[in-house]
Amino acid sequence: MKKENITYGKVHQVIGPVVDVIFTESSQLPRIYDCLSVKLAGEELFLEAAQLIGDDIVRCIALGPTEGLARNEKVTNYNHPIEVPVGKNVLGRMFNVLGKPIDGKEELPKKPQLPIHRKPPSFDDQSNTLEIFETGIKVIDLLTPYARGGKIGLFGGAGVGKTVLVQELIHNIAKEHSGLSVFAGVGERTREGNDLYYEMIQGGVIDKTALVFGQMNEPPGARMRVALTALTMAEYFRDHDNQDVLLFIDNIFRFTQAGSEVSALLGRMPSAVGYQPTLATEMGQLQERIASTKTGSITSVQAIYVPADDLTDPAPATTFTHLDAKTVLDRNIAALGIFPAINPLESTSRLLDPNIVGINHYKVALGVQNILQRFAELQDIIAILGIDELADEDKIIVERARRIRNFLSQPFFVAEKFSGIAGKYVPLSDTIQSFKEILDGKHDDLPEQAFFFVGTIQEAVEKAKRLKKATVEEK
């Protein structure tokens with residue numbers, strides 16, 4: 001950094017996370033998004049320029065706590081946006097919003113670094129082909145396929161397997177696609193981030209992952225920008241290393257919430273439900289950078305908190321417009337012991353189209369959904385009258401639906417140490433063929449238990465033989 005590029009100002013006023021800085025000359029004023037710093041309790045507090053007020057004052061958002069900051073403190077303007085480390089060095093490491101390591105390991109080299117505010121790929125560079133991103137997880141690949149370079153919303157409460165699903169996706173892209181993952185913890189619990197870090201070490205996927213955290217105890221400035229820090233790291237892998245990158249954002253709602261916290265202090269008039277008037281713009285600036293190019297892709301999985309379960313709330317509603325697929329984790333399915341506990345009827349994807357996935361995949365997926373839908377409709381009758389009162393045709397549907405429901409379960413690699421069952425990666429072609437055979441009634445003679453926690457249909461057949469043998473031996 002050249003010395004002549006640096007200019008100096010003074011703290012004019014402090015209102016919570018918003019700091020006004022005054023400069024003596026207008027030529028010294030920073031540009032919007034420029035990075036500034038001020039000494040506070042022996043450490044550097046970083047600020048980001050957000051508004052220019054009058055001829056000599058710039059209003060900034062603090063990226064750390066402002067307690068103890070006094071007027072007339074000297075402020076350094078670096079004349080460039082926040083820059084964070086990128087490249088292979090960030091893998092296996094954990095960072096804060098400024099790209100500084102928070103895992104207690106050695107500092108990273110100064111280069112390469114990139115600014116966190118960047119333009120999305122141009123139309124010429126973006127890939128215009130819709131392509132399925134194979135995850136190896138049956139229920140996802142069949143019923144709610146993910147797009148390469150797409151955006152997926154992950155809806156799930158506490159304890160339904162959201163973290164395990166995230167880890168399995170990271171594992172599968174690392175092992176099967178030689179891909180990389182970047183995890184952004186936005187405004188969530190510090191304990192959860194800590195648990196995730198150590199679980200990734202145990203699962204053997206940390207070396208293919210970079211983690212960036214701006215947790216809920218941090219100021220709104222950090223929570224607003226941490227997703228951009230993670231995205232910048234992912235963009236480097238996509239653009240320079242031509243990699244397929246998986247970007248996890250947990251939780252995208254906290255990104256919106258942080259913007260809402262500082263919006264009023266920046267003097268903006270609140271819009272619907274008290275959100276910032278720039279909500280759609282801020283969301284668009286983040287989401288448009290998550291894209292697939294001709295050489296690599298960023299596929300994002302975004303956990304979404306829905307305030308008061310109101311899907312019409314402006315924050316989730318603004319996010320929905322950008323999503324390609326919706327994966328819903330259901331507590332009732334988890335209660336049955338079926339994992340991943342994905343609701344096959346509520347989860348959707350715009351890729352489930354015969355022109356994209358092919359007519360065979362589409363027909364099988366539709367057949368599975370129809371049977372499960374009919375099974376759901378028959379549940380009340382079964383509960384009141386019993387299964388014996390159903391028509392023969394409905395009895396067959398119920399039996400097949402139970403087999404399908406069990407077969408949608410799958411042993412995960414990252415859960416091997418808990419379940420004692422070896423993890424399975426199931427190619428899409430095997431998934432389609434397996435469910436087609438169940439729909440055609442080829443395996444109506446197999447017990448329902450044989451379909452539980454297996455990979456392909458061949459494994460279910462083998463498991464049925466083992467169950468039969470065990471039953472004979474018991475007798």
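Cβ atoms here come from the backbone N, Cα and C positions, even for glycine.
What Swiss-Prot lists as ATP binding site is GLY156, GLY157, ALA158, GLY159, VAL160, GLY161, LYS162, THR163, and the listing cites sequence analysis.
Listed in sequence order, the residues of the same chain lying 6 or more apart from VAL160 (ATP binding site) and placing their CB within less than 8 Å of its CB are LEU329, ASP330, ARG331, ALA334, ALA341. Listed in chain order, the extra residues whose Cβ falls within 8 Å of the Cβ center of the ATP site residues GLY156, GLY157, ALA158, GLY159, VAL160, GLY161, LYS162, THR163 are LEU329, ALA334, ALA341.
Note on the binding-site residues GLY156, GLY159, GLY161: the fewest other CB atoms within 10 A surround the CB of GLY159. If you draw a 10 Å sphere around the CB of LYS162 (ATP binding site), it holds 21 other CB atoms from the protein chains shown.
Each of the binding-site residues GLY157, ALA158, THR163 was assessed for Cβ neighbours inside 10 Å, and the highest tally belongs to THR163.
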